[in-house]
């Protein structure tokens with residue numbers, strides 16, 4: 001029944017009601033985003049409402065280089081979303097955002113450092129495989145992972161050649177001060193020296 005309404009009427013309804021979910025009920029309606037007068041971050045809306053099927057559809061449109069992508073995908077907003085999902089560790093969403101064009105290298109590889117800080121090893125590995133630099137910002141990733149006791153992240157970073165002794169064994173001391181014995185033990189086994197205060 002709804003698909004019997006002319007597109008012009010749908011545009012008026014959406015503009016009046018401000019309900020973008022009306023455009024998400026049908027793939028044909030989705031293209032009406034080009035015509036509506038609503039300023040909204042559709043990617044953020046789709047993710048917040050856990051509409052993964054819609055996100056899949058947007059990714060498919062991106063791969064097809066559909067012109068609607070230019071209206072609904074704004075790189076700055078993608079980058080903001082990417083940081084948020086690196087904090088929460090949602091690898092599935094991180095992958096979608098990268099496919100849609102989020103810049104994993106922005107702000108000295110902030111997203112990989114954020115994932116390290118929060119202990120999301122699978123997100124870290126994915127971002128590194130996509131070209132993120134775990135040594136950016138003076139090897140900050142290992143300091144953040146050590147400080148928060150994320151042993152698996154620390155082990156991964158060391159295996160990738162991150163310099164954990166760069167600042168007079170700062171990482172091991174921070175891990176020790178925060179009570180992360182397993183990180184301390186690992187770094188000592190790799191040659192770090194714990195400095196007493």
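Any Cβ shown, glycine's included, is placed from N, Cα and C.
Taken from Swiss-Prot as is:
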- 78-106: repeat 'ANK 1' (REPEAT)
- 107-136: repeat 'ANK 2' (REPEAT)
- 138-166: repeat 'ANK 3' (REPEAT)
- 168-196: repeat 'ANK 4' (REPEAT)
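Residues 108, 112-113, 116-121, 124-125, 128, 172, 174-175, 178-180, 182-183, 186-187, 190-192 of the same chain lie 6+ residues outside the repeat 'ANK 3' (138-166) yet bring a C-beta within less than 8 angstroms of a C-beta in it. Away from its own ends, the repeat 'ANK 4' (168-196) comes close to residues 142-143, 145-151, 154-155, 158 of its chain (Cβ-Cβ under 8 Å, at least six residues beyond either end). The repeat 'ANK 3' (138-166) scores a mean pLDDT of 95 in the predicted structure. Residue counts for the repeat 'ANK 4' (168-196) under DSSP, split into helix (H, G, I), strand (E, B) and coil, are 17 helix, 0 strand, 12 coil.
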